[in-house]
Amino acid sequence: MKISIYATLAAITLALPAAAQDGDAAKGEKEFNKCKACHMIQAPDGTDIIKGGKTGPNLYGVVGRKIASEEGFKYGEGILEVAEKNPDLTWTEADLIEYVTDPKPWLVKMTDDKGAKTKMTFKMGKNQADVVAFLAQNSPDAGGDGEAAAEGESN
């Protein structure tokens with residue numbers, strides 16, 4: 001019985017990165033409406049792909065970007081601790097899915113600090129892979145083409 005439980009847990013853990021790649025970017029763009037209260041997606045040339053808030057960092061290029069590295073953004077203690085302990089760590093689709101599902105447990109896991117705090121209180125209960133697929137599409141370093149920015153789309 002214990003072996004089947006461990007096998008199931010291992011299968012779920014291994015499937016998480018694949019789930020990130022199965023997201024639908026078009027659906028994710030619609031779901032991003034929940035995120036734009038705090039976040040925007042703005043290309044380096046200033047083109048607004050998604051106009052949004054400035055409470056959270058600009059998410060253009062987030063997939064493949066080093067953790068807590070958006071220039072000029074004032075990050076919270078928990079995410080800064082992740083970056084300090086893992087200076088070469090970049091956002092992967094799998095990490096982003098886990099983070100947007102519930103930031104606090106991800107911070108605790110990455111810092112080994114049960115007291116880790118996050119400024120991001122939003123928890124995404126569904127469609128995380130879709131939103132992350134949309135973010136990847138707007139992350140040239142992750143293999144996304146930044147297509148929306150190149151076309152000068154503005155929302």
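Quick reminder: no glycine exception, Cβ is built from N, Cα and C everywhere.
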Q21, Q137 - residue that Swiss-Prot labels as pyrrolidone carboxylic acid: Q21
Local Cβ density at C35 (heme c binding site) - other Cβ atoms counted within 10 Å: 22
Neighbours of C35, C38, H39, M120 excl. site residues, C-beta within 8 Å of centre, heme c: K36, A37, G52, G53, T55, G56, L59, F122
Number of Cβ atoms other than its own within 10 Å, given for C38 (heme c binding site): 17
